[in-house]
Amino acid sequence: MGPLTFRDVKIEFSLEEWQCLDTAQRNLYRDVMLENYRNLVFLGIAVSKPDLITWLEQGKEPWNLKRHEMVDKTPVMCSHFAQDVWPEHSIKDSFQKVILRTYGKYGHENLQLRKDHKSVDACKVYKGGYNGLNQCLTTTDSKIFQCDKYVKVFHKFPNVNRNKIRHTGKKPFKCKNRGKSFCMLSQLTQHKKIHTREYSYKCEECGKAFNWSSTLTKHKIIHTGEKPYKCEECGKAFNRSSNLTKHKIIHTGEKPYKCEECGKAFNRSSTLTKHKRIHTEEKPYKCEECGKAFNQFSILNKHKRIHMEDKPYKCEECGKAFRVFSILKKHKIIHTGEKPYKCEECGKAFNQFSNLTKHKIIHTGEKPYKCDECGKAFNQSSTLTKHKRIHTGEKPYKCEECGKAFKQSSTLTEHKIIHTGEKPYKCEKCGKAFSWSSAFTKHKRNHMEDKPYKCEECGKAFSVFSTLTKHKIIHTREKPYKCEECGKAFNQSSIFTKHKIIHTEGKSYKCEKCGNAFNQSSNLTARKIIYTGEKPYKYEECDKAFNKFSTLITHQIIYTGEKPCKHECGRAFNKSSNYTKEKLQT
């Protein structure tokens with residue numbers, strides 16, 4: 001027995017067999033081939049890298065390699081070049097050692113038939129297609145099975161029937177459970193494991209079981225944290241070769257997968273497949289529990305967690321349990337306060353790599369996501385998605401309680417608190433609870449002693465620099481946010497954003513009591529309070545309540561004696577209206 005080579009551990013599929021495989025099976029094949037090659041290298045056996053490995057590392061399909069080889073090589077059939085095609089079929093006479101390879105590109109006339117001699121140079125060339133081949137064979141062995149689809153010629157042996165099945169497209173092996181059909185029995189056997197839940201391969205670290213050894217091998221990397229696949233371009237490391245291959249496309253910018261429907265191009269075939277479902281509206285992934293269908297497998301997986309009660313991954317710090325180990329890992333960072341991802345530009349650190357990636361765009365100033373409708377550009381795809389809803393008027397997030405719809409999920413989350421009355425944000429200093437994180441953040445500043453940001457104009461100090469910046473506008477009366485639609489200017493971006501709704505949406509919030517319409521839900525809420533007599537804004541210092549938040553703020557200034565509006569002459573006022581009057585007089 002000769003030394004072990006890559007050919008001994010290589011698995012080959014016909015085109016039809018390859019087409020029968022789903023994405024997961026193709027990825028498994030790719031990983032197994034790369035793993036086999038790495039093992040040979042580790043043992044010092046493999047010297048040069050086979051073309052198949054180079055091809056797979058680039059994320060390309062093995063059948064594309066065969067097409068590539070056909071362009072570069074002449075189809076030669078001789079035992080010098082193809083002794084290993086059918087080793088079980090021995091042909092003693094050297095004149096009979098004529099092998100016809102799979103070269104669908106070439107016609108019958110272009111095929112070269114070589115008589116087997118001691119040296120390749122001495123081979124006699126025969127031309128003339130199948131007739132020439134038949135002449136080279138004896139009468140007994142000239143029973144040739146021709147495959148017109150891929151110009152394949154076979155000696156009579158058992159695998160011919162198998163080849164015929166591939167080209168007819170028949171899938172004779174059917175699963176009784178689901179009715180799914182397969183080209184090969186081995187594929188059906190693998191598929192059955194899904195139904196039988198046959199998990200033969202168990203992880204000694206966490207006890208999780210798998211139905212394939214290769215899946216267990218991949219899983220073990222989670223525990224070891226090993227990342228053997230490194231990108232030569234940027235140094236980033238990965239625990240799977242397939243992930244490295246996908247990552248490399250970022251550097252090349254290549255987008256070989258184009259949608260025939262709309263012309264949009266993608267760097268991954270899987271992304272194109274997902275995209276196509278937008279046009280077809282296909283939802284192939286169905287939940288067996290409730291019947292709900294989805295267009296992406298990942299969304300179905302997330303949905304399934306609703307039905308799952310089992311949460312095996314528990315946080316030892318707070319007791320919170322999770323269904324997925326990776327989510328537990330991310331959660332733990334909350335307790336440790338660890339921020340392993342640091343920005344080399346400014347030194348700012350983050351607890352998630354995705355947050356660092358988003359942050360980096362601040363330094364580059366890059367805005368790659370452009371709106372086709374108005375030309376406005378954004379530095380994040382999520383921001384572009386939100387922006388597009390201004391043009392479409394889409395409000396995908398609906399409240400099940402009252403039916404009100406919102407453009408953003410975060411706004412819906414805030415809205416739900418109105419119905420529940422929940423106050424999840426509690427101050428550890430004074431015990432006061434808040435419904436919204438923004439209100440809680442503002443409140444915490446009251447307890448902060450350190451207020452390093454001081455206003456040079458009036459001496460007022462602030463704990464946050466952005467608050468000082470906003471405060472300064474009181475003195476300068478600057479209005480940097482200008483509406484392009486009507487020319488009106490504002491001193492705060494939040495007020496400017498609210499104003500823009502007038503132009504984009506009109507007055508969609510109508511009062512059922514008086515018929516008055518408003519462009520903001522907050523204005524409608526304020527109107528309703530007039531009829532109900534409710535006074536939700538209470539001043540804790542004197543227990544006086546108000547029906548408007550602005551009235552509460554005005555009252556607070558009177559109570560504290562603060563005079564934030566300062567004139568050039570030195571006089572200060574507690575109301576902006578009094579300040580305006582003073583300006584007009586001077």
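All residue numbers here begin at 1 and follow the chain in the order shown.
Placement of Cβ uses the backbone N, Cα and C atoms for every residue, glycine included.
What Swiss-Prot says about this one:
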- 4-75: domain 'KRAB' (DOMAIN)
- 145-167: zinc finger (ZN_FING)
- 173-195: zinc finger (ZN_FING)
- 201-223: zinc finger (ZN_FING)
- 285-307: zinc finger (ZN_FING)
- 313-335: zinc finger (ZN_FING)
- 341-363: zinc finger (ZN_FING)
- 369-391: zinc finger (ZN_FING)
- 397-419: zinc finger (ZN_FING)
- 425-447: zinc finger (ZN_FING)
- 509-531: zinc finger (ZN_FING)
- 537-559: zinc finger (ZN_FING)
- 563-586: zinc finger (ZN_FING)
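Each residue in the zinc finger (201-223) gets a DSSP state, and the totals come to 11 helix, 4 strand, 8 coil. Counting same-chain residues at least six beyond the ends of the zinc finger (369-391), those with a Cβ under 8 angstroms from any Cβ of the stretch are 358, 361-362, 407-408, 504. Here the zinc finger (369-391) returns a mean pLDDT of 80 for the predicted model.
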